[in-house]
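Asks: Relevant sequence annotations retrieved from TrEMBL are reproduced here:
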TRANSMEM  345-370  transmembrane segment
DOMAIN    371-426  domain 'HAMP'
DOMAIN    480-703  domain 'Histidine kinase'
DOMAIN    719-897  domain 'Response regulatory'
MOD_RES   ASP773  4-aspartylphosphate
DOMAIN    922-990  domain 'Response regulatory'
MOD_RES   ASP971  4-aspartylphosphate
Amino acid sequence: MAAACWCRCRGSDYRTWNMSIDEVPSNNTAGSCSSGVGPFTVQGPDGNLGAEEAGRASSLTLNYRKKLRAPICVKLTVFICLAVMVASGVPELVLWKKVHQQLVGQIEHRLMVLSTLRQEQLQDYLLSEADKTQLIAIRIVISNYLNNVSTGNKTLAKLDLQMAISVISDFMNAAVYDSKGHLVLETEENVFQPRIEEASINTVVQEIPNLQYPVETSNGWMYTLSRGIHKGQKLIGQLMVSVNATKLVSLVYDRTGLQETGELLVGIPDGPDKIRLLLPAMQKPNVIVLPYKGAMAKAINGESGILKERNYRGARVIAAYRPAGFLHWGLLAQMEIKEAYASVWSVRLVILVTFSALLFVGALASLGLAKAFTSPIIELGKAAFALGQGDMRTRVKKGSSCFHDEFSNLKDAFNGMAHRIASHQYILEHEVSERTSDLAHAHDGLAREVEERKRIELELEKAKDIAMAADRSKSEFLANMSHEIRTPLNAIINFTELCLDTQITQEQQEHLEYVQFAAQHLLRLITDILDFNKIAAGKLEMEEIQFSLYEQLEQSLSVLAARAWKSGLELCCDIHADVPDQLLGDPGRLLQIFVNLVGNGIKFTKKGEVIVSVTVNSKSADDVELLFAVKDSGLGIPQTKQSLLFQAFSQVDSSTQRLYGGTGLGLAISSKLAAAMGGRMWVESEGVEGLGSTFSFTGRFKLFPSNSSMNFLMFKGVRALVVDDNSTGLRILTDLLKSWNIIADGVMTTEAAKSALELGESSGHKYNVVLLDMWLGGVEALDLVEYIRARPDLLQKYASDAEVNTLYPVEPDSDLALPSAHCLSQQCSSKSTPDRLRYGPNLKVEIYTKDNVSSAIIMLTSVNHMESSRCKELGLPFHTSKPIRRSLLNRVLRSALGFEDKMSHDEGKTSKESKKLNKRLHVLIAEDNPVNQRVAIKLLHKWGHTTVLAVDGAEAVERSAKEEFDIILMDRFFRLLSKELTTVGNESLT
């Protein structure tokens, strides 16, 4: 037999366990806890809790009931209600859909039948009235009288008209007008106008009478019918009848089948934007005009159907519309929706009430069922809660043995579980005491381990500081060594350049060029190592300044143009037309990437071309992401080796490094620079020689408002022929000229150029300028130059459209038009409009002669100065080097086309600025290195400037105070008073 034992330990909650009855002291005396934790009180199985413990248990039980009962009841109730809603709602919804569809269909069908019936009644009435007027209009006596009014018997004709009117009950009065609009017969005087407009008579159709709008008079509603009277096909007069509109009004205002809010409207179009009602609206008599829209407009347009809309009173109505027979009228039968659909809404109300009743009954049933299920669960929950609080005596009551169910089994299982928990509680207390002792020993060991780790962390922090100091020392060492190495290297490079400008032998020149190449190569290696060190240290700084993208790309290609020419390669730059020019970014780093990529393309390409392209990847209002690509036709890179390209100090293979040289830092640095610009770099190559590789990278730049000074409108109408044996260069140059409003064609051979010139001359579309590559297929293009000189009539001097229209105006009604751009691929025929017809019959086209035709030829040369000299020998005044620079090509084109006079003001301004930049300067050189002193003095004297040397800061301050200088060249690390020198130098500059 076991008893429940409570143990109240100091600083802890009540704990209970089970022990044998022999261990329980009698008479509820106090004993000591076997674990030695503190005193405890033992109570028998029939003992009661104290007041404090009983109140606490009662409070916990109440809180548990609040937390547990409501969620289970609600969930079960909601579930059953949802089941009832689904079980009853789905059939009722289906029933509602079917009933609603059937009732609405019946309502719409009834309206359509009603509108059809009223339309037929209206048509029958109008046809009947039209037939009556026709019977009067064809009476022979009246027709004969109208045919000869002067000699006819008016009395007989009037009597015949009165007899005809008298037999028709609806016709009140009648009158007859002749073809001039004069009243000749009437049944009653002073009823009709003595004269009507002749134009209104001519508008009356023979078959259909003209009905005027009904008017409410003292005698009731009246309207007038008019019909033409014909003699054969000739209109000899008009019959006008005053008709009693009682039948028409009763027909329109009959509300049979339309209930209380329904009405019938008959509309007649009155202009393009409004509809006139035949009779005023029944619900609102002052409404006689409606807007030309909605159901009435559809009916007038010949349509029929059902439409829900708002009527002239703003009420929602359902309207059946259809055209009103043979007239261009519309008929509309409408009812208010709330009245038309009253039966539908009654059915809906019945269904909703039924559904609500079923839902209410289901909710009541679900509450009862929820209570039956949740009562045992709540009892188990309270017992489990008390057991969790330490009351090991807690047991649940069993139900009646007659109703033994799953809940009874659950209660038995719970009581068994509570007994086992109480049995193990005592054992657990002893184990906890033992574990507490073990944890105390473990805590001491852990404290010692924490102290050891703190000591290690301090040592690591010191090691980190030492490493950072070493890294700073390394960076400072590299910076100082770079400065010290660059100084003699600059001296070697510059003095070598000065020696090359002197009179030396061929062998000496060759040796000096090798020295200059080696020094420049060494300088590039040092620059790459310093940049890599900055990137590795995370100290790479990117500028954000305004620059011209076009000029930056052209400058990078110009730097490498000489290398490409020596290797026999074509260097091209393809910038798409939508690429912006003015950007904010770091132009120096962008130039560094291009020099590296293009230099690699030239290095690893034996023959072919290197193409630089720029396109827009994405663009927003403030910035743009550009895609740059450098494609060559060189060795290619295998797929397995491409992953090594952007790693530092790595190349594709060692043989390539031995053959071409390099440190393997260029692409790694370029990749990091592209990432610093907000982009990335990658390579595409099939690894086959001749197909080459394509290095691409993206960069994001901020947009800067463009202030381009180039005026391309002046080139409108210019025809240019481009001759280049390189297809890529030909395409790029042709597209560039077309973007400048120039009509440009391109050919690749001398024979094709001759054919193009002859075709232009024969079709009347002569070229104004020829852009000619100096070398075509490896042969000098002298043959084509001589051919043009022999036939100067193949070219024509350019005159803008504004000048030609001023000098030789074309008549406004002339069918002469400006021809479309001449294109060789389209083979323009001789039927095209020639230039002499383009500018009018008085134009005298100015043609080149043998003496001045050379000015229409622009020679495309390489960077070799000998080719420029060759152009002068051939008498060609205009030439530009490849790769093409846009600004230079623009100036050469303007000169070749004779635009100098038009731009004299701008050129004069440029000339003044050029003279200002080219004047002799007085320069102060503040430099303490003797080698740099000699280099600066030599170069400045070579360029025609005067110099003064200061070897330290004090001397520089003294010199700048005594003299005025245009420029002060000062070493960044100049010793002594560098800040003071900067301040004084700024004040002394003129």
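Here the Cβ of each residue, glycine as well, is placed from N, Cα and C on the backbone.
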Asks: Six or more residues out from either end of the transmembrane segment (345-370), which same-chain residues have a Cβ under 8 Å from its Cβ atoms?
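Replies: Long-range Cβ neighbours of the transmembrane segment (345-370): 72-73, 76-77, 79-81, 83-85, 88-89, 92, 95-96, 99-100, 103.
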Asks: Let's see if you can do this one: DSSP helix, strand and coil counts over the domain 'HAMP' (371-426), in that order.
Replies: 42 helix, 0 strand, 14 coil
Asks: Just to confirm: which same-chain residues, 6+ apart in sequence, have a Cβ under 8 Å from the Cβ of ASP773 (4-aspartylphosphate)?
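Replies: Within the chain, ASP773 (4-aspartylphosphate) has Cβ neighbours under 8 Å at VAL723, ASP724, ASP725, ASN726, GLY729, ALA781, LEU860, LYS882.
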Asks: Among all protein chains shown, how many Cβ atoms are found within 10 Å of the Cβ of ASP971 (4-aspartylphosphate), not counting that one?
Replies: 16
Asks: Over the domain 'Response regulatory' (719-897), what is the model's mean pLDDT?
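Replies: On average, pLDDT over the domain 'Response regulatory' (719-897) sits at 74.
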